[in-house]
Every structure is written in structure tokens, then in C-alpha cells.
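Pulled from Swiss-Prot:
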BINDING   79-92, 286-298  NAD(+) binding site
BINDING   ARG100, ARG110, ARG139, ASP228  substrate binding site
BINDING   ASP228, ASP252, ASP256  Mg(2+) binding site
SITE      TYR146  site 'Important for catalysis'
SITE      LYS196  site 'Important for catalysis'
Amino acid sequence: MTDKSYKIAVLPGDGIGPEVMAQAHKVLDAIEQKHGISFEREEHDVGGIAIDNHGCPLPESTVTACEESDAVLFGSVGGPKWEHLPPNDQPERGALLPLRKHFQLFCNLRPAQIHAGLEAFSPLRADISGRGFDIVVVRELTGGIYFGQPKGREGEGANEKAFDTEVYHRYEIERIAKIAFESARLRRKKVCSIDKANVLQSSILWREVVEEIAKDYPDVELSHMYIDNATMQLIKDPAQFDVMLCSNIFGDIISDECAMITGSMGMLPSASLNESKFGLYEPAGGSAPDIAGKNIANPVAQILSAALMLRYSLGEEAAAQDIESAVSKALSAGELTADLASDKPALTTSEMGDKIAEYILNS
């Protein structure tokens, strides 16, 4: 029993966001009951509903609430209703990106695994998916070619050109590498750093700095892999990977590939962290407005996002493992929502939340 209290800013957002967030609340209620942890939770508008109620996708009151909290549990934003707005005023770009910038969330964590009983959903061959895999992609989120200067277009005709610049500072690589190694210590103690050090100067520095940081983690095994080989190895033998450490653009590619080979995007959580371990936790999927309000959405990604919050921002590893174990038990027992049930009877969104909370309390 930890007898600790944490303040959580809860931002359900749009589409299926409120429905799946309600299930995360059930699970956190169960954690409170079992572990003696107290979560002070307040819900605030973000995204399309914030546009409707406040005239902008990210009200100042929501930002203030996040600043006063230990972590942010985020649902999903966006939908056809707001697509007519200018791009910067739409829910996705007007809410998530400013939040990441305001809180300097430089690290993105994307776990991807095949749960027992769901191997058939993977597009991989049965002999590969049957071996299972459990990977966390640690992606640098604020540097690299997406943000480097100069970038632009100039000239005309045959001489017209476009250019982007890949830039990484030593401190940016150091801080993301430390999170990768610390994450590995909580798992199977292996880090594979992805780069293109046979071609790119930025990757040469990346590899040098990662090697230096590795000296502080002698208990963690470090390997390096070129990005082109890594994309092939993920298809051939994903079980070889534990923590994959990536730059911004390589992490963008690798995390989506990892998501695809699980075969179940509705199951994948995501975390974005800053240097003080403050984090924003959200499902990797979208707001799915086509199924909103039907009580059929899969809440597992939202629930597992809450587990990541407990692990990385709150330091409650035992509670995080309880949630993940409860999810695995439910899935192994064939308790599935409509996206996974095929020809079997499907659980509703709320029934799935009830089941996972029940497994936590009975474990």
C-alpha cells in the first residue's frame, strides 16, 4: 500500500474519446481500491468539443489544469464537424501540437506487442507472430529533419529545388538515450539504437553519444542497426527487439510498422514525456467518429495509456503491471470487443472496462 495521491488532468476529447476514457476511470478506480493510491481527476475540454464550448481547440483553462497536474490522460480529438476550419484551428493541430510544445515533450514511447490469442490478427506469417513480440519504440520527438533549419523551396523550372535539414544536438541525443536505457531496465534490458551511421553525419553523432550513455547502464545490452535493416528485421523476427531507440523520422517509420504488425491498432497506447517525466498519455489511434456513441469501441489502448502514466510519470510500477496483466487475462480469456471478436459474441466498450477492472481487483 503506497498511500500516495496524484493529480491527473483528464482530457477525453472527441469521438470515442469520452467512451473509452470512462473505462480508464474504472480501471483507475480499481487501482485506487487495490493499491491505496488516490487519483484526483478533473476532466477538461480539448479538441472539437473545446471549439464548440470555448471557441478554440486548447482553452487556457485546460492548459492551466495540465500545468497543475502530475500527468495528462488524453483521449482523442477531431472529426468531420471541424474539418472545414483552417488547418491550424482544427482539433488535431490546434490541440496536440501546442500541448507537446508547451510542455516540451521531447520523447515519444510507443509499445507494441502481440497478446496471446490475437496472433491471427497480425499480417505476419503464423510461425513468426506465434513467437510473439513485445517492443517499445523510444522516439525523439522535437529534433531532427522535421524541425531542422534551413528548410524550404526555391528556384523555378528545371532548377526548382526543395530542401530539409537533419540537425541533432548532443544534449538532445543524450536525454532520449537515457530514457531508452531506463525503460530497458524495467523490461528485458536490451536497447537497439536505429540510425544510418554509414551515410549521415547526424547518425554518426547519434551512435557516438548513445555509446557514451550506454557506459552508465552496464546492465543493459546495446546494439546498433541501420534503419533499412531494422525495417526488414521487424518483419523477419520482431521477437529479437526489446527497446528500439530512434531519431524523429526513423521513429515515425518504425513505430507505425510496429503498430501494423500487431494487427490491432485499437490496442496500442502512447506516451510523450519531458525531462521532468511529466507526460501526456493517449491511444495511438484516432477519434473514430463513425463508431462514436455506439458503445462498441475498443478501450484497451486508453486503459494501457493509463498504465504507462502510472509507470513513467508516477513511478507506480506495480500498479502499471496490474493493469497490463488484467488486460492480458481478459484477452486470453477471449473477452474481446467488436473489432477483434470476428464471429464470436463481442463485449461492449463498457463491458470490457468492467472486465479489466474486475481482473485487477481479483488478482
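For all residues, glycine too, the Cβ spot is worked out from N, Cα and C.
When the binding-site residues GLU83, ASP256, ALA292, ILE296 are ranked by how far their Cα is from the Cα of ASP228 (substrate binding site), ASP256 comes first. Secondary structure at ASP256 (Mg(2+) binding site), taken from DSSP and collapsed to helix, strand or coil, is helix. Counted over every protein chain shown, other Cβ atoms within 10 Å are most numerous around ALA288 among the binding-site residues ALA288, ALA292, ILE296.
Comparing CA positions across the recorded positions ARG110, TYR146, LYS196, ASP256, the one lying closest to PRO87 (NAD(+) binding site) turns out to be TYR146. Working note on the binding-site residues GLY79, PRO91: by count of other C-beta atoms within 10 Å of each C-beta, PRO91 ranks first.
Within the same chain, residues at least 6 positions away in sequence whose Cβ sits under 8 Å from that of ASP252 (Mg(2+) binding site) are ARG139. Residue pair PRO91 (NAD(+) binding site) / ARG100 (substrate binding site) shows a Cα separation of 14 Å. With respect to ALA288 (NAD(+) binding site), the closest of these recorded positions in Cα terms is ARG110, chosen from ARG100, ARG110, TYR146, LYS196. Taking ASP256 (Mg(2+) binding site) as the reference point, the recorded positions whose C-alpha atoms are within 10 Å of its C-alpha, out of GLY79, GLU83, ARG110, TYR146, ALA292, ILE296, are ARG110. Ranking the recorded positions GLY79, GLU83, ARG110, LYS196, ALA292 by Cα distance from TYR146 (site 'Important for catalysis') puts LYS196 first.
TYR146 (site 'Important for catalysis') carries a helical DSSP state (H, G or I).
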